[in-house]
Amino acid sequence: MAEPSPAPTRSNEPASTKATYFWGNRTKSCLCLILLFAVLLGFYSSPEAHHVQGRRESLTLSEGDGHLDSCRIPEVPRLLYPKAQLLKPLRVDVLVMTPWFAPVVWDGTFDSALLDVQFRNTTIGLTVFAIKKYVVFLRLFLETAEKYFMVGHKVIYYVFTDRPADVPQIALQDGRQVVVLHVGNYRRWQDISMHRMEMISNFSRRRFLREVDYLVCLYVDMKFSDHVGVEILAPLFGTLHPGFYAADRQSFTYERRPLSRAYIPRDEGDFYYAGGFFGGSVPEVYRLTTACHQAMTADQAQGIEAVWHDESHLNRYLLSHKPSKVLSPEYLWDEQMLQRPPLLRKLRYVAVPMNHTEIRSR
């Protein structure tokens with residue numbers, strides 16, 4: 001076998017040439033390091049970097065500003081419950097996991113006893129808007145909430161209304177309260193719907209961050225008809241719209257005009273989410289509602305109103321900010337408009353029959 005050729009050397013070169021070659025390479029290396037250091041120094045001292053850092057710091061809450069312990073993994077005491085069987089899925093008739101590994105919540109996919117222990121020190125805020133004649137739905141809403149919503153947990157009902165004197169007095173469980181937030185009304189129901197995002201955003205910053213761990217944002221013309229508990233809680237969650245849970249994305253009533261900030265092309269979309277049931281941790285709900293409000297304001301400046309108002313902007317946001325949990329249509333259903341399929345074992349939150357034209361016009 002032939003021996004490999006020796007590597008070329010510079011042994012025959014003059015000493016001055018060797019020195020120049022050596023120090024030239026060393027100088028180039030030093031210059032590269034100096035340039036790299038300058039780039040890094042420039043980034044961290046730039047206004048953009050300070051903006052990013054400031055934005056992060058603005059989202060950091062002190063102990064007095066929020067319930068930071070809600071993010072900790074709680075210790076679970078000894079409980080007796082059935083063991084999960086790896087080879088026996090709890091549901092095989094429905095999708096129980098999104099492509100980004102967010103659970104889809106259906107009856108039979110969770111253990112309420114385990115979850116109640118995990119969230120035992122959690123305070124939940126519920127926002128509901130009872131503007132103009134919609135205040136008539138409040139009594140049934142609150143009475144059924146006390147029977148089915150977050151039973152055994154601390155709850156603050158935030159009622160946004162222009163008619164505080166008409167908010168009914170109902171008996172509440174221990175650790176629960178109704179807070180009436182007096183707000184103005186608007187001529188059109190569409191304006192009320194769109195300004196909901198603005199008001200939730202404003203109050204999240206002003207008080208919700210200090211008072212509750214999670215926010216659940218609901219429509220008022222509904223009633224609870226079965227258990228709705230901490231199984232829904234996640235950093236960010238949305239609910240499948242009952243009219244589109246089985247539809248393909250081409251059928252979704254997204255905003256299709258490219259000029260709108262709510263625009264979603266026909267070849268995009270995961271699910272169609274309902275505007276009547278969404279939520280998450282207070283910081284995440286603040287980000288969502290602020291982004292939607294800003295997008296609607298930008299649309300308004302261009303003379304554009306999204307086809308389904310705040311719901312269109314909610315869907316745009318949840319497309320680019322994937323929810324960490326998705327609620328099945330069990331959590332939002334209309335028995336008058338839709339026939340109940342066998343896969344819906346329970347109807348937890350259902351629409352109340354009403355004359356929409358009459359209610360919205362007053």
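First residue shown is number 1, and so on along the chain.
Glycine is no exception: its Cβ is also placed from the backbone N, Cα and C atoms.
Caution: TrEMBL annotation is automatic and unverified by curators.
There are 24 other CB atoms within 10 A of the CB of GLU311 (active site, nucleophile), with all protein chains counted. Among the features that TrEMBL reports, active site, nucleophile is placed at GLU311.
If you look up TrEMBL, you'll see PHE129, ALA130, ILE131, TYR134 marked as UDP-N-acetyl-alpha-D-galactosamine binding site.
The Mn(2+) binding site feature in TrEMBL is assigned to ASP221.
Within 10 Å of the Cβ of ILE131 (UDP-N-acetyl-alpha-D-galactosamine binding site) there are 21 other Cβ atoms, across all protein chains. The closest partner of ASP221 (Mn(2+) binding site) among the recorded positions, by CA position, is TYR134; the full candidate set was ILE131, TYR134, GLU311. Its Cβ taken as reference, TYR134 (UDP-N-acetyl-alpha-D-galactosamine binding site) is surrounded by 24 other Cβ atoms within 10 Å in the chains shown. Between the CA atoms of PHE129 (UDP-N-acetyl-alpha-D-galactosamine binding site) and GLU311 (active site, nucleophile) there is a gap of 15 Å. The separation of TYR134 (UDP-N-acetyl-alpha-D-galactosamine binding site) from GLU311 (active site, nucleophile), Cα to Cα, is 19 Å. Sequence-distant neighbours of ALA130 (UDP-N-acetyl-alpha-D-galactosamine binding site) (same chain, six or more apart, CB under 8 Å from its CB) are PHE137, LEU138, VAL159, PHE160, THR161, ARG163, VAL167, VAL220, listed in sequence order.
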